[in-house]
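Here TrEMBL flags 5-195 as domain 'Fructose-1-6-bisphosphatase class I N-terminal'. Residues or ranges marked as Mg(2+) 1 binding site by TrEMBL: GLU92, ASP114, LEU116. The Mg(2+) 2 binding site annotation in TrEMBL covers ASP114, ASP117, GLU281. As annotated by TrEMBL, substrate binding site applies to ASP117, GLY118, SER119, SER120, ASN209. Look at TrEMBL and you will find 199-332 tagged as domain 'Fructose-1-6-bisphosphatase class 1 C-terminal'.
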Amino acid sequence: MRKGMTFTRFIIEEQRRIPESTGEFTLLLSAIVTACKEISDDVNRGQLINVLGSAETENVQGETQKKLDIISNDIMLRALEWSGHLAGMASEEMEEVYPIPSKYPTGKYLLVFDPLDGSSNTEVNVSIGTIFSILRCPENISAPREEHFLQPGVRQVCAGYVLYGPATNLVLTTGQGVNGFTLDQDIGEFILTHPKLKIPESTSEFAINMSNQRHWEPAVKRYIDEVVAGSDGPRGRDFNTRWVASMVAEVHRILMRGGIFMYPRDNRENVKEGRLRLLYEANPMSFIIEQAGGASTTGRERVMGVCPDKLHQRIPVMLGAKEEIGRIDRYHTEMDKEIESESPFRQEAN
Ligand code: AHG
Ligand code: MN
Ligand code: MN
């Protein structure tokens, strides 16, 4: 007998705790997880089945797609469109909302996902993953349009990711804490290996792409200058840095041993509003991090409080250990006050 509860048992027991539950949500989760097992298998076989490399096409963000970006997106669509639990889907790899084909029944949920996060890492065998967020479809809408997906992160019903690394991990929240599972390849089931994940409030580890330093706002420059100065600077202790270039892997590291992750906005034309996407990267990861006791900010507000105005909206995101995120927020507030006090309009008024 193997140790640990299977994911199937876990979600059925969760469902039993809600007597009025119809089981629709449980079946939807199960279908998502099956799709991710299929993606995991393709990622794992990689070059052996000729799925690595560029597809030579561009997505709506103007990014060159990898073959695996397209394959993962198709796996998600095909595994979920027939299920009867969804009213529509949206993904990083599709410009428009994906309607459920008319031959299938529809359900009350909306699914948004990043089919393969960190796909620049596919050729180098570094961890990548699938990120998803489940929203409720507004009442009486059976063919949802873009506007119906534009809900703030606080309205998420569920958020999760599957990390394809040395092991395949599923991490999930429905607003009652965060649980982590590991895929047992022999039996094809996820096993609960990390119940009730919590992250420490303080940390000495940060993740940011340092090559963008010259483009950052002064608040981010100040924060990073101070942590890099370590025990010789105002923080009085040394910090450590990591950058995987897969947000999903960075968030997983933070859940396992603490830390913070930052992708701030900067003054490059395509990063003015941030680099990561609100609906299928920043929101689900923020939900997970907050549920594990961490915080997530744009520098100026809580990520999950932002009302999206477009499907592929980008946003600055800094998340992880509460103490450091609080400090980053404070540095932004101080910077904004200073900028305001230097404004010629303000000086005239005085
Ligand atoms: P995706 O592969 O879905 O486009 O996302 C990659 C994202 C994120 O996971 C990662 O943190 C970031 O892009 C890396 O960006 P840089 O290449 O600018 O470091
Ligand atoms: Mn991504
Ligand atoms: Mn992606």
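The backbone N, Cα and C atoms fix where each Cβ goes, glycine too.
Whatever TrEMBL says is automated annotation, not expert-curated.
Here the features listed in TrEMBL are placed on the structure.
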residue	record	contacts (Cβ under 8 Å, 6+ apart)
GLU92	Mg(2+) 1 binding site	ASN59, GLN61, ASP69, ASN73, PHE113, ASP114, PRO115, ARG277, TYR280, GLU281, HIS312
LEU116	Mg(2+) 1 binding site	ILE39, VAL43, LYS66, LEU68, ASP69, SER72, ASN73, THR122, ILE128, GLY129, THR130
ASP117	Mg(2+) 2 binding site	ILE128, GLY129, THR130, ILE131, TYR161, SER246, MET247, VAL248, GLU281
GLY118	substrate binding site	VAL126, SER127, ILE128, GLY129, VAL244, ALA245, SER246, MET247, VAL248, ALA249
SER119	substrate binding site	LYS66, LEU68, ASP69, ILE128
SER120	substrate binding site	LYS66, ALA245
ASN209	substrate binding site	TRP243, ALA245, TYR263
Summarise the domain 'Fructose-1-6-bisphosphatase class 1 C-terminal' (199-332) by DSSP state, stating how many residues are helix, strand and coil.
63 helix, 23 strand, 48 coil
Those binding-site residues in ASP114, LEU116, ASP117, SER119, SER120 whose CB falls under 6 A of ligand 2, listed in sequence order:
ASP114, ASP117
Can you list, in sequence order, the residues of the same chain other than ASP114, ASP117, GLU281 whose CB lies within 8 Å of the CB centroid of the Mg(2+) 2 site?
GLU92, PHE113, LEU116, GLY118, GLY129, THR130, ILE131, MET247, VAL248, LEU276, ARG277, TYR280, MET285
With the Cβ under 6 Å from ligand 3 as the test, give me the qualifying entries from the binding-site residues GLU92, ASP114, LEU116, ASP117, GLY118, SER119.
GLU92, ASP114, LEU116, ASP117, SER119
Output field, Mg(2+) 1 shell: CB within 8 Å of site CB centroid, site GLU92, ASP114, LEU116 dropped:
ASP69, SER72, ASN73, SER91, GLU93, PHE113, PRO115, ASP117, SER119, THR130, ILE131, TYR280, GLU281
So if I draw a 10 Å sphere around the Cβ of GLU281 (Mg(2+) 2 binding site), how many other Cβ atoms end up inside it?
27
